[in-house]
Structure formats: structure tokens, C-alpha cells
């Protein structure tokens, strides 16, 4: 009986957060270990289904860089990075789209639908809802997003699962590979999402003593970047989070995707588990 009481108490504790997010859109960048480990995949699917069933509208933007590198290596196609950004060539853009849209996207959609959700897989070429220009080679910089298209899918009670491939400027253009963190940030702003969550392989933003910083503002982030506390691979994630907040998303969250049910723990508990980023 005590266990049943504790279960009910947990549900009641989450009620204020469910009420706050009911009918609101949450964009989730899905990547890292959470996208590879079978146990974490299952946890992720259950979290998304939970949000969906209580009236919250999840949108998933996924990466797939490791898998793309594996396929390129197997095909003896050289992989080059410039300032931490993959240089996508005319040859590798076709492989990137094959992996992101044809393999990973379909796997996520199937996983969610097997759990009872109504997910649909798309990329930026569908309705040309996400367009880009060249940043370096066929790695792109987003120029426009049709938020109406994504919101239409949400209004039909669908969960959009978005592969970060953007349309080019002509019918024959092969498209652009987009950084998934950037895509999640830009999509969140374009569809007026309430929150954007980045799943990572770190607890969040850490101070110099390797302790989690639970909350950061724009001003605090700039100071931490200047003194080297925020460095390396965390810089683009923080920049993407901050970009979303600057464009109207209420808060961004950088959380540890290696923890089971990390999304629910961040959104539906008072303490959260990661770093929340707000403008001020």
C-alpha cells in the first residue's frame, strides 16, 4: 500500500508542471548516448509518450553524426572537420541524408509509434519548410523555417521527428546538412515553443570545480565563456540554447541524456537535473 501511495504522490507532485506545459510545444534535440544505448532509447520513447499523453506537444530534432562517420569510413569517403563543423561535400551530403532521413529518422518514428504515439518523420526538404545557404561546402546555415507547417502537424496531434537536412535554392540542389543543435534552436524559435531541451553526454554546464550550474543568464554565460569555464564542445550548445531564448523561447535546458527519464525529470520536477538557460 505504501508503494501505491508514493506512486500517487509522485503523480500529484508533477501536476503543477503538467498544468504549466499543457498545450505547449517542447522541442527536444535528441542525440548522444540517448540515441545509441538501447536502454536509453526505451526511456526516451516513454518520456515522449508521457508528454504526448498529458497534452504537451513534443517536437524532436535528431542528430546522427557518429553514424554518418561510420558509413563514410566504411565507404572510404574522407571526413573533414573545420572549427568543429563537419565539412559536407557533394558526395557526403547524399550519404548524410540517407543516414539521417532514411535510417535514423525512420528508426525513431517507428520506436515512438510502437509505444502508441503518432509520430511522423520529415526533413527540411518536405514542403521546403527549412531552407539554408552554404556555411562550408554542403554544410548549411539556416535562412528560413516555415513554422506554420510544423505547427500544422502539431495541430493534427502528430509528433514531428525532424532530420536536420535543409532544402537548397533549386529543385536539383542536393540540400544542406545542418548542425542538429542549431536546427533545434531555430525550429523552437520559429514555432513559438515554450522550451527547448538539448540531450547531451554531460550533466549540463559545469563550473571549474566540475559542479553542475543549475541556472544561467545571458550575462553569466558571457562571463563564463570569457574565463574559459564554458569551452570546447559546450560552446556551440550554449550558443544554440541562448539563440533560442533570445528569439522568444522561455527557457532552454542542457541535460544529461545518459540518465533514464531525463526529460521528465527536467520538466516535471521542481529541482530538474540539468542547466536551464534564460535571458535574464
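For all residues, glycine too, the Cβ spot is worked out from N, Cα and C.
Swiss-Prot names 64, 65, 86 for binding substrate. Of 177, 211, the residue it gives for the same site is 177. One way to see the shell of the substrate site is to take the Cβ centroid of 64, 65, 86, 177; the remaining same-chain residues with a Cβ within 8 Å of it are 63, 68, 69, 88, 96, 100, 164, 179, 180. Of the recorded residues, residue 177 (substrate binding site) and residue 29 (site 'Transition state stabilizer') place their C-alpha atoms 16 Å from one another. Look at the recorded positions 29, 86, 237 and count other Cβ atoms within 10 Å of each Cβ; 86 has the fewest. Sequence-distant contacts (6 or more apart, same chain, Cβ under 8 Å) of residue 65 (substrate binding site) comprise 31, 86, 180.
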